[in-house]
Each structure stands twice: as C-alpha cells, then as structure tokens.
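Enquirer: Following this message is one structure expressed as structure tokens.
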Amino acid sequence: MSDEATIAAPSPAPPAPTGPPPKVTNRGRAAAPAASANSETSDIPEYEYFIQPGPRGYPPLTEYLDISEVDMMKRPDESNKIAHHTALYHSDYLIVRRGQEFQVKITFSRPYKPAEDKFALEFVIGSSPQFSKGTYVPVFPTKQRQTTWEGRITNTSDNVVTMAITPAANCIVGKYQMYVAVVTPYGIRRTRKESTRDMYILFNPWVAEDAVFLDDETERQECVMTEMGIIYHGSYDDIAERDWNYGQFNYGILDSCLYIMDRAEMPITNRGDPIKIVRVASAMLNSRDDEGVLVGNWSGDYTYGVAPTSWTGSTDILLTYNSSKMPVCYAQCWVYAAVFNTFLRCLGIPSRVVTNYYSAHDNDGNLKTDIIMDENGKIDRNRTRDSIWNYHCWNECYMSRPDLPPGFGGWQVVDATPQETSDGMYRCGPASVQAIKHGQICFPFDAAFVFAEINSDVVFHSRRKDGTLEPVRVNRTHVGRLVLTKSPGDVTRRDITDQYKFAEGSTEERTVLEKAEEYGCKREKSSPPAADVDVVLPNLEISVGDNFELNVEFENKSDERRTVDAYISGSVVYYTGVASTEFLKYTHIKVEIFLYLTDKKEVAIVESKKYMKRLVEQANLHFIVTGKIRETGLIITAMKVVTLRNPKLIIEVSGRGKVSEEMIATVEFTNPFSFNLENVYIRMEGPGMMEPKSRYYSSKRKKNKTPISKDSLYVLICFQNPTVRTCYIVFR
C-alpha cells in the first residue's frame, strides 16, 4: 500500500435547473393553507347528521322545523342600510357595519316554538372557516347561549321570526355567507348556499368599541360619507385645487377593494385590524413590487396609459384593476392618495387626503437637503442631487393604536406613493401624527421618514477646489412650509400644519428636534453667520405662454456699502423638484447697495419662447438666485417656484336639475396661444350622473363638429384654427 495520500476526483456538479422555479406550498409546514382570499368560499353541508346511517339510510328530517324563506332586509330604504349609513352603496347585497345591530327575517314552515325549536344563524368567511379563527361565527337567539356575536329575537308573527344580530366590534371585515341552521335530534339542517344571502361587514366609525371610532359627526360625514373631494397642489404661495370623485359607493368598488387584499394574499384573520389593512394597502396601491393597482410615472411620456393629470376619479382605476388583474397606468402622488382614500372610505375607515408643501425626500435619515455651490456662489447642478417636492400628497386615516403608548392614536399617516422601502416593500405607515409632532420617531411605522418630509433643513454648501464642502447657509424653515386638507363640510382648505410641527423657532420645536436626534436623526449642527444682505423674489401669477419680468430685490441691512456678485438661473422642473432643462442660464449681475436699509432691484426678462418648448406637465419654473458679498465673503440665496396657470374651463349647465330630465352642460375653453393645439385629450365625468368619458383629438381632425357617442356628446373643435380661440364642449 502506498504511503502517498490519494486525492479523490471531484464528483460532477448536478445539472442546472431549467424552467420556472417550483411554487412554494404549505406542504409539510401546515395542515392546510391559510385562507387569504375573500372571494374563495367553502361548501357548508346542507345536512349534518349526528348519527350513523341505518339500513335504510338517514332518518327524514321533514317533520321538524324547516326554513321557507330568508329576508336579508337589504333594500336601501329599509332599516338596516339606513341605520348603518350604507344606503348609498350601489349594491344588491346587505352591507352593515360591525359592532352595530342589524336584522333579518326568517320564515319557517310553521310557527316557531322557543321551548322546542333550536336554530342559529351561521356567518362564514373565507375558504376554511373555523370558530377559533373568527371565520365561522354561529349566532344563537337565546341569552343562555351567546358567542362573540350577539343575537336576539325582536319579533315573532305567525311563521316569521325577526332576529337581530350584533357583530363583534373587532370582527373580520369583508364578504360573508349566511346560513340558517335548524337543530334536530338527528342532526343539523341548513339553508342551501345562495348568493342572495351574502353580506358585507365594514368598519364602524360610529361605534365607540370599534378601532376606527371617530367622535365627531362632521368629520365622519366628511371622511367616510363624502364622495367628492378637493386635492391641493401647485406651490406654497400659489395654491391650486383639483376636484376628485372618490366614488367609494359606486357599483363594484367594494368588491374591488376586497380584491386588493386578496391580491396581496392577506390572511383573512388579519382583516379585522385596521393597522394591518392600511399597511398592506399602502403597498398594494402601487405596483413596484407586488403588481399592485397603479404604475407610477413621472417622465412625462404616457404613451401606453392615461396621464396622471387626466384622471378625474377613482372608479375607473379600481374597476379596471379588478377586471384586468393588471396594474393601471399611470399615477403620481395625488392619484395614489386619491385612490387610497377611496379604498379607506369604502371599507369604513375615516380618511382624508393631505398635501405637504415643500416636501423633502430624505433617503438617508440625515434631515438635510444639500445644495452644492462653487466658490463664487453659483449652483453646481452636476453635484446637487437632492430635491424638494413642490408638494406631496399622502393620506391620513383615523384609528386607535393599541401597539403604541396611550395618546398616539387618532390620525395616522399612510402613503402609497413608492418612495422608499419599508420592511422590504414600497409602502409607508401607518405613522402616528402625534408621534411625528413630538419627535417620537422610533414608533412604527415609518415615522422617521415622514418626520424628515416636514422637518428637513436646506443646507447650501460651498465646494472648495480641493473637493471639501463648507456649509455657508442653512434654511431651517423652507421644508414643510404648509400642510393642507379639505375643511369638513365645506369647500375651503384647512391648515393642519400645527398638527405636524410646533411653531418654527419655538422652545417646543427645539425639544422635538433634540428628541428626534436621540433616535438617530442627524441634523446640520453648523450655524453659518447670517448675511447682512437679503435677496427677495416676488410672488408671481403668470399664465402659460406669458412673457414676464422677474424682479430681484436686494436689501442692505448693514450701515456700510455692500457689493454683491449675484447669479440668476431658471429651470423647468417637475413638481418633484427634479430639474428638466435650464432655460435661463446663469446670468451674472453686480449689485451695489450704498445705504442702510436701502434696496435695489434687478430685473430679468423671461420670454415665453425660452421656456414653452421645454415645459413638462404642471408647468413649473424654478428660479434660484445666489450671490456672494465681496466685503464679507458671505453667501446669500433665494429660491422661487412659479407655477404657470393653465387656461381655465368654464362650465355652464342649462335648465333645472330634475331626475329623468335632460340637462345640457357646456364647457368653454379658450386657446390663449397663437398656434394650433394638437393631440388634445378631453375627459369628463359626472358623479352619480355620468360615467367617465374621454375623447382624443389628433392633429389630423379638421371638422368643426364631431360626434363623440350615441348619447349626444358633441365637441365644437377649434384647436386647429388659431384665429378661432374658443371651443365649446356640449354634453346632453
């Protein structure tokens, strides 16, 4: 035998797998898959015997109490839907809210005898109902035998029994099947499975025991029952409004909302917890990682879908997603917030759309937005990567937070716009507004991210020749300048900034920022000396296509002469603050201010031909003025976003509005330009009266009158004629 060690030849590697990976199942891990689809139901046997069959089979049960008819009392004018505030839902099914009593009428084959007859109502949800999971709930009419749902007989007349049922205030929300079961000595006889006895149970903000209870009727009417809303956009000093039809009661919307949870494979047993539902929904409303409802697009190219600015309501989006099972194109932040609002209100969770002006997108938790300048004070756009959104929309929903210390329930921030991942998915919230205001950013979920959106500092850095950065100016008040939502019961706006942050510069604000730093947020510690020259940019109201003057005012606060080397630049930007193109190159101006508290104005002429062909949607122009004071070497800066105003639509309605009578709505649009408008997209919607309709006009259309559909929708086209500047859209 040789003394030399032998080395075995390596075994051949197994062949690489081909084809798609095998689907992971529950086999070996659980006895049965967890129920995660409300649309999947189980088959409950009509007969369930207690005994084994004899030689002649099972004994007949015909001599015992039988069920002839079940009336769900589901018409909109009946007591159930009126008492439960669900009469507005366009549905043929019974819709009630949990924690509140509703009634059904049962007609038996003979008069009901309480001493002899035993029956129960059974409520089932999901594919594997279990009593211990709350997916199978029997409800008995006697006090001696009650479950988590209470039951009682309220009236008996001949063969008809009226029974009242009170679902638990924390029960699962969704679509249930109801059975009537009669108990005999030999077994149980049930009604057959019929869709007419299906029913929906929703959250109940009117009941104190429900986690979404909101003790303000005005707020409840606005945040649960109101179908039309206003979403604020534009800029901080030029606020614009966008009407939106939430349509939470429209036909098919409730099923579409339940489908969203099914598509997320959310366990049925979790669907009684509003915290879990809104967290799942905030991920499912965007399509980034789960084939959710909406595809985000900020590029300006919407060839394969609908431009975000063209949507007028949520109905089309949700119904399309439910029917196609594919994400809908396209959305930006206010579309995500609006559709999320529909989802929440439809399920009974009080919600509202909120707009934050000058919203920072902080992806590293340092509470800083960095702007890089060269040593002369000019912005270095190649190295400036951070941006501040002119505005950003998210949602607030109202609920208790038993997972947090007392005092942090109430309004919670949820955001479906895909910005950063949270627990591996693009979602945000729910984050307690109270926690955000008081700097408790350690609380789940994503409070630190929202805190940064409204509290970041804008830091201007001067980049030296050796590449190092020196902070030269810190603006601590620019971000989170204004937070707005619609006033309840009115069409005015409501300033809720004080619900998110204390007054700038106050003792409370400093305490909150120190608290946030304890939890890891990093702020700019330096305090560069304040310059003794101020630069001010005016508020402007400019329409698209206008030439205008940009007046830059320099004010000397010292008692000595000051000379400023200033630079003015202008860029076309998206509403997210990302620059598209620069139309006003850096213009150098030398300003000399001689006396204390005197000012000097410089005027920059902005011609429409310089920006018109570069405009992106929402038509935002961003001006930055930076300068360096020769005598002190200090940097001065000013920024201004100018939102160009689009031509207005004027709507006139003829005649009086009466049911079943024709009305004509005329929409007037004036072309303010001296050139033809091409590729015009028109979209109209009449909540409760007319489904969304759209029409596209290409540059080839030359006729003045074009029929749109058989229901007499006509458009008088003037887009191709620059001499005729007004067009009329007539709807019957």
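The backbone N, Cα and C atoms fix where each Cβ goes, and this holds for glycine too.
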Enquirer: What range among 1-44, 45-88, 397-440 does TrEMBL describe as region 'Disordered'?
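Expert: Within the set 1-44, 45-88, 397-440, TrEMBL attaches region 'Disordered' to 1-44.
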Enquirer: Could you tell me the C-alpha distance between Glu504 (Ca(2+) binding site) and His392 (active site) in angstrom, no decimals?
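Expert: The Cα atom of Glu504 (Ca(2+) binding site) is 20 Å away from the Cα atom of His392 (active site).
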Enquirer: Mean pLDDT, the domain 'Transglutaminase-like' (325-418)?
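Expert: 91, rounded to a whole number.
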Enquirer: At 10 angstroms around each C-beta, which of the binding-site residues Asp457, Glu504, Glu509 has the fewest other C-beta atoms nearby?
Expert: Glu504
Enquirer: List, in sequence order, those recorded positions among His392, Asp415, Asn455 whose Cα sits within 10 Å of the Cα of Cys333 (active site).
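Expert: So far as Cα distances go, the recorded positions lying within 10 Å of Cys333 (active site) are His392, Asp415.
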Enquirer: Can you break down the domain 'Transglutaminase-like' (325-418) into helix, strand and coil residue counts using DSSP?
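Expert: Its residues fall into 15 helix, 39 strand, 40 coil.
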Enquirer: Between Glu509 (Ca(2+) binding site) and His392 (active site), what C-alpha distance do you get in Å?
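Expert: The Cα atom of Glu509 (Ca(2+) binding site) is 22 Å away from the Cα atom of His392 (active site).
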